[in-house]
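Data first, discussion second: the structure below is written as structure tokens.
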């Protein structure tokens, strides 16, 4: 009797927890579903757990259903294999028919996962019936669910059944409910891609795709591009791209004129949402017409029309397509000439667009036009536009230009780049608005890696050092981080030569660049900078230059500096321990160095008159002792 109770316990526990008033408890109980199935074993899971879950699937909250739908997708091994899949599919069918999209999507995903484990016989029996029943259901949610399941069976059936399935799908495309048509349109590109892949891998298969299949798909597409709902029609653009890719892969171009007409119709559609999608996918459409000069030429004016569109979102999307589309145009002389004559004047207009998001979008791609136009045209046509955008009041526009300057550098050379664009960058770096200065600082490392060390040292290093003394703390802090990133790019020797030599110069010689250590803010900034650089400097530099500088500051008359010295000592030791295997000294010598140069000074600071200095000294000593 006890054994019987033990056997019942897992299921009883689940039933009990699923009756809990709090939905979060029921969700947590459902998360343990696979554990309970393992405890019960395959036979009892099929006979006891699944009937119980069938009841649960009809009476609970959506959060519980969502977990249940996900968990059931991995249940095939837990029920003894695909032979026992029917009750599992039955539960998921209930969940897939629900109106809540989250539950429905998870149930469809699980059904598709289960289909991978089924035999062709089971797919043609159980799964085919399931799709037919759902697609002919009397409620929209069932039809929506069916749209997501066609892909799992479309290649597993014979050509006649496939034709029937496509006819069934055509009915869904033509359904009275916009939600059903939208779901069918969303899933159609995936179906076409599966058929494309099948044609590529099995061109001589007895069930290969035939003209009758494409007639049905063509009817689907025609219905979609003429749909009266924008939320359905814009999805036809992805369908068009999938169809174009199929015919391109089989080298069939006889239908291109029809497809081009459809593409132009969608690009010029009254709905901004349709035009936006066309703009967003413009290059994907155009690449399928690149082998015909006349077809490609016909896309130029529509491209320009989208650049002039009255909707900002459309202009923003088409700006992203500039490099890819203009690259396609270089294939033929007749289309190449339009880049400078027709497209660049509109690009110049977009660079001063009233919407900052459009300008930022253009800024992220415009530099990629340099290698397409080549040196002379870049200097004459693009550089003036770059200068305008570098002075844009919106930071994202300026930063998008700066972060992509390496492409321009490769085309026109560093000398021209520095002559034309660097003054604008320098001007921004000294802007009276501290947020503008901050934005430029963050992009200096990216610029440095593009320009190289010699050029950076000559043109930008002094500027980077000057930010350390900025009156705004956020700028000083960003400047310190900036120097660390530059050290990562250029190396420890560079930092020693160019940064430390300036920061640690306490000689008596008169020099206008010499740092005034009488100001405690300057001393503190130097300490912060050196502490930040410690992890990226060589051991020899730290011991010979950094450590003596920090040691001198333990007697500073400003408590704020003294307690930051205590913090710096901990950073030093952390860096030593992290690089222990790379250090030129052994472990005993390292401990000796830490004891003599660091811990002894921290012990002095432990007796400091200031409470904060004593606190941070003790904290650093504890941290160091744990490390060594």
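Placement of Cβ uses the backbone N, Cα and C atoms for every residue, glycine included.
Look at TrEMBL and you will find 49-83, 299-336, 343-381, 382-420, 421-459, 546-582, 598-628 tagged as repeat 'HEAT'.
Mean pLDDT, taken over the repeat 'HEAT' (343-381), works out to 91 on the 0 to 100 scale. Under 8 Å from some Cβ of the repeat 'HEAT' (421-459) lie the Cβ atoms of residues 383, 386-387, 390-391, 395, 398-399, 402-403, 405-406, 408-409, 414, 467, 470, 472, 474-475, 478-479, 482, 485-486, 488-490, 494, 498, all in the same chain and six or more residues away from its ends.
Tertiary proximity for the repeat 'HEAT' (598-628) is limited to same-chain residues at least six positions away from its ends with a CB under 8 Å from its CB atoms, namely 547, 551, 554, 559-560, 562-567, 569-570, 572-574, 577, 591. Note: the repeat 'HEAT' (421-459) comprises 33 helix, 0 strand, 6 coil (DSSP; helix = H, G, I, strand = E, B). The repeat 'HEAT' (299-336): residue composition by secondary structure is 29 helix, 0 strand, 9 coil, according to DSSP. According to DSSP, the repeat 'HEAT' (382-420) comprises 32 helix, 0 strand, 7 coil. Mapped onto DSSP classes, the repeat 'HEAT' (546-582) shows 33 helix, 0 strand, 4 coil.
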